[in-house]
Amino acid sequence: MPKHYRPAGKKKEGNAAKYITRTKAVKYLQISLAVFRKLCILKGVFPREPKKKVEGNHKTYYHMKDIAFLAHDPLIEKFREIKVHRKKVKKAYAKKNRDLADRLLNRPPTYKLDRLIIERYPSFVDALRDLDDCLTMVHLFAALPAIEGERVQVQRIHNCRRLSHEWQAYISRTNSLRKTFISVKGIYYQAEVQGQKITWLTPHALQQVLTDDVDFNVMLTFLEFYETLLGFVNFKLYHSINVNYPPILDSRLEALSAELYALSRYMSSGRLPGNPESNGFIEDKETENDKESSKTDESELRLAQLQHQLPANEPGALMHLVEESTADDTEEESVKECRTLFKDLKFYLSREVPRESLLFIIPAFGGTVSWEGEGAPFDETDQDITHQIVDRPTQSHVFLSRQYVQPQWIFDCVNILRVIPTDDYIVGRVPPPHLSPFVDNDQEGHMPDYAVTLERYKSAGQNQVMPLPGDEDLGNSIVEAKSEHDEFAKKKRELEKQEKKYHDELKMEIEGTTFSNLSNKKADSAPDVADEDETQAAVEQAEKDADDIAKSVVSRKKRGLMEAMKISNDRKKSKVELLKQRKKAAESSASAKRR
């Protein structure tokens, strides 16, 4: 009898016991494939890759513990109740009993996913780390057309739009936005919330078409979970800044499709949970701070105002407000830069620019913004407007008291946290290349020309706000900064040369070499210059042999990893070379046109 012989019907072990195929899992749970897929999405169960696939390589495997985890979940019973309910409705319609069918349709079985959120995310930081796909999916469905009879319910689209605007209003209110980039896919955003970097993608404001090659059932299942998750996250974040949730919006602004502006007004009104008398408290406090900031220190003024406006029926509130005032003074430098980037700047958006994106970005960095249309806080004739965002080749009526720039200027200012000159972004001019802040130029091995220019702007305004465009001292400051940097580098190189020369002379003195012997050595070495190519080739061959020996020593897995790294580096080098060739060709063609 073989050593590992096991009679038929005995218990399995190894991979055969740890893993189960999808077909067997569906039969084990006694549910349909669609319900099984939905259950796996909601519970966060994914297929596994066993080392040895017992049933074959063409099948999907799940861990047996995950399937047992699904078997004891109450959602299975809810899905079975929904299936039974549908059969009852179908049977009532077949018997032409419309009263019974209507009663059944008015009382469908429902379920909530609140328990799953707590189960999958034990702490709030875990939920923030898993928010990238959630925000991208919610913003995608928020941009879909809300039309009755389509595959996506209108209520789901309105709910996604509400959740996305609530999230953007919080990010804008807390000045948490850090990076943004316009791409072909849409607009990328990156925010920092409680120390976690969250990146998401929003589609462009274009008419979206529902295609037939997308399985909307799977996407709607993900959306069902993400809606619940984002609702919990928004609730927690709003209460962390003492704002009621869900917010109550101005019906007039909501009817004019200005939900984000309505949310910003609601959050700036300072409605504290459980204290309806505090409406307008934060707004009044900020207004008084701005009026009297020239008289006393900002922190002392805030403390005095908080003591003056303290509610008499709230014990211990003074200590909390003092802590908040001191916490504001110890904020990070990056947060202060974000809050004051567009401070004292007033923007007006023309009708052709992406309004929702700019209404989100500009207030997040301390600017005041309005737009063309009903419900706007101020109109185009306001004399305090400093910048008007325009995306058309010409402008019919021009105000001399403001500057007309393209939308890309806002995004480039945000990415380097400096107000850069508007000369390259004026109306009718081709703007400079829009560079992604998510790309590390040092790691890629290629630094675009405009990236160097942006770095100069950033270094020139490191300790001060950049002057507004039109200031003559701007170019001088940049040139001075560059000349100082070049002079410092030149001095450093000279010091290194002198130090090397000093060490060489010490070495010669120790060896007893005289000046005449040194000159003879230099003369003898002159004819050997022709042999440098052979020496270089020998060195390269030696390096290649050393690499071959190192590859022969390591395991096959590490050897494959080394090959992949080499291929990746070669691709980067070839990409950099291609970019240099394209740049050279573009410069040559431009010079030929000038001639």
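Positions of Cβ are set from backbone N, Cα and C atoms, glycine also.
Unlike curated entries, TrEMBL annotations are predicted automatically.
Taken straight from TrEMBL:
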- 478-505: coiled coil (COILED)
- 282-300: compositional bias 'Basic and acidic residues' (COMPBIAS)
- 541-550: compositional bias 'Basic and acidic residues' (COMPBIAS)
- 568-586: compositional bias 'Basic and acidic residues' (COMPBIAS)
- 337-427: domain 'BRCT' (DOMAIN)
- 274-300: region 'Disordered' (REGION)
- 518-595: region 'Disordered' (REGION)
Exercise for the section: Provide the three-state DSSP residue tally for the compositional bias 'Basic and acidic residues' (541-550): helix first, then strand, then coil. Expected result: 10 helix, 0 strand, 0 coil
Fill in the blank from the handout: Secondary structure split (DSSP) over the compositional bias 'Basic and acidic residues' (568-586) reads 19 helix, 0 strand, 0 coil
Fill in the blank from the handout: When pLDDT is averaged across the coiled coil (478-505), the result is 67
Exercise for the section: Sort the residues of the domain 'BRCT' (337-427) into helix, strand and coil with DSSP and give the three counts. Expected result: 26 helix, 15 strand, 50 coil
